[in-house]
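Novice: The compositional bias 'Basic and acidic residues' annotation in TrEMBL covers 182-198, 267-291. Among the features that TrEMBL reports, compositional bias 'Basic residues' is placed at 228-242. Positions annotated as compositional bias 'Polar residues' by TrEMBL: 322-333. The feature domain 'PPIase cyclophilin-type' is assigned by TrEMBL to 7-173. TrEMBL lists 178-333 with the feature region 'Disordered'.
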Amino acid sequence: MPRPRVFMDFAVDNNPIGRVVIELFNDAAPKTCENFRALCTGEKGLSPVSERPLYYKNSIIHRSIRDFMIQGGDFTKRNGTGGESIYGGAFEDEDLSRPLDSEGLVCMANKGPNTNGSQFFVTLRDCPHLNGKHVVFGKVIRGYEEVIKKIADIPVDEKDRPQVPVVIANCGELQLKSKAQAGDRKESEKSTQSRERSGSAPSSESGDERYEKHKRRRRSRTPERDREHRKKHKHKRKHGRSRSPGGTQEASNSKKDVDVEETPEEYDARLEREEQERLAEERRRHLESLKSRYANSAESETGIRFKGRGRMKYVDPEVRQGRQTGDNNLYKR
């Protein structure tokens, strides 16, 4: 069973900088991981205690210490003094045996033993002095170099607060593609078997008897009835042909619906592809907004587009002469 994974999209001063993917150690700290996962999805709704959404989205990174860690998760007060778990208050520590021995570890911030809430921090190096004091419940598996280090390089004030807002613009849980339901597979098998049975129904008449009956019907029909009979059979053949490809398509679609479960390598490749597509779309939108902004600013009030700025700005002599004539008329009045 693969471990759950969550994501966080960060923005610095309203500019997106990328996505961080975190794998959760739910086998060692299930209660802590469930708290973090639910706060990433926001599925618990409003808190009955603080009446705020139990959701990391739009919360900030309120503390950053170079070569040590970055800290966030305070969605109630946004200054490091608040935060709340999905369990209604602080909850107990789980596995404290895992050491803080590398960068990119995601750990619970606390005020002492058994005071876990919603605040977390990401290590920027090994922190042996914190071993046995903070629950390590996850690890950054994508976005450490591109996002976490970029956040750690942002200048801070005397209280280690970033000087520009670092916001979790979006967050949630990543899902593995699952297998098709066994019930759907059984239904498709039953429908296939019923079609096979109906197509191979045994006949009780011999070939000679059917031929004699056909000859008798042919002799008893008038020419008008014969034409109607041919027209009816032609219509049936036409609609029978149009239906048969549909049945084949349904069978092929039912086969396609039975997806195999993704391997970890395929899962990572899909996440990488989706991240590249998302970044390309963001760049495209940003370039379009810049293009429209500069196009609007380049237009003058008269609708004439001038090139250059200040003294280098080109002005049509006729436009300049018209402006001077208007100014002279004003002075004459």
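Along the chain as shown, residues are numbered 1 onward.
Every residue, even glycine, has its Cβ placed from backbone N, Cα and C.
Automatic, uncurated: that is what TrEMBL annotation is.
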Novice: What are the DSSP helix, strand and coil residue counts for the compositional bias 'Basic and acidic residues' (267-291)?
Specialist: 25 helix, 0 strand, 0 coil
Novice: For the domain 'PPIase cyclophilin-type' (7-173), provide the mean pLDDT of the predicted model.
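Specialist: Within the domain 'PPIase cyclophilin-type' (7-173), the model's average pLDDT equals 96.
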